[in-house]
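Scroll down for the structure; my scribbles are underneath it.
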Amino acid sequence: MRVQESGPMALLFQRLGPKVLIWFTLTFLVIWTATPIIWAILSSFKDPLEIYESKSLLPEVWRLDAYRKVLSMPGFGTWLMNSIIVTVVATIVPLILAILAAYGFARYAFKFRHVLLLLYLIPRIIPRVSLIVPLNDLMSDLGLINTYSVLFITYIASAVPLATWILVGFFGSIPKEIEESATLDGANMWNRLRHVMLPMAWPGVVTAAVLCLREAWNEFSFVLALVNQTDMRTLPYQLYMLKDSMGIQDYAVYNAFTILTVLPLLLVYLLLERKVVDSIVSGAVKS
């Protein structure tokens, strides 16, 4: 009989090897992801020439000139307001529609329910680039180009399937007995949805709201195809136009505009980060 001996170093590597590999991989991914973000933030405080000439990552003198230039742009307030209006509508309306749709899918057994739920994915499966030309033709015929309505319609149509799929899993995980008890107490469908289902599925509602908000705030392809007036642009659209017109000659201004565009969304996510992560994990386990 052969006895296999393992030394202390072999045992240590056997125990710590997988953990070291995981931590090394995660550290590499964090550095890979964070480096351009950190560079953009620090560059926004530099002089334009310093970005090209200086070898230091940190600015020699911390300047706010780039942010002043961005905030003093004639249309910045309009672009910011356009983004806020479109994002608020494209978050609240899809969320309301998705709550009603998800409740129906989760609680009512009707014919072709699963087929219809799968059809909900079609707007998410089809590449948006392939929809630009027909959407532009359709909205032009309807006279909706360069209006809030065209952005509301396209953003809402894109967000409803995403929110519905998230909420179906949360509503479906709630025991029917709880809702039946509320029915015996005299609660109708609206009361059950409002006072029983929504509070219990609230983490899923928050997750769906944050994802809809993120998608609406960052949306670029639809607004690029359906809007051509300067006063109807959103921040992501203007960021693209800024790059196009400047040729990224002034990286400080471009990066400052980028930071100001991302900042509102980042603040929302930081405030709700724990709830969103917990909700995604909880939803995955329930599914």
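Here the Cβ of each residue, glycine as well, is placed from N, Cα and C on the backbone.
Unlike curated records, TrEMBL annotations are generated automatically.
Pulled from TrEMBL:
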type	residues	note
DOMAIN	80-272	domain 'ABC transmembrane type-1'
TRANSMEM	20-42	transmembrane segment
TRANSMEM	79-103	transmembrane segment
TRANSMEM	115-135	transmembrane segment
TRANSMEM	147-174	transmembrane segment
TRANSMEM	195-217	transmembrane segment
TRANSMEM	251-272	transmembrane segment
Top Cβ-contact partner of the transmembrane segment (20-42) among 79-103, 115-135, 195-217, 251-272 (pairs under 8 Å) | 251-272
What residues in the same chain, six or more past the boundaries of the transmembrane segment (147-174), come closer than 8 Å to it by Cβ-Cβ distance?
-> 85-86, 89-91, 93-95, 97-99, 101-103, 105-107, 117, 120-124, 128, 135, 139, 196-197, 200-201, 203-205, 207-209, 211-212, 215-216, 219, 222-223, 226-227, 232, 283, 286-287
The answer for the transmembrane segment (79-103), taking Cβ pairs under 8 Å and residues 6+ beyond its ends, is 120, 148, 151-152, 155-156, 159-160, 162-164, 166-168, 170-171, 193, 197-198, 205, 208-209, 212-213, 215-217, 219, 232-238
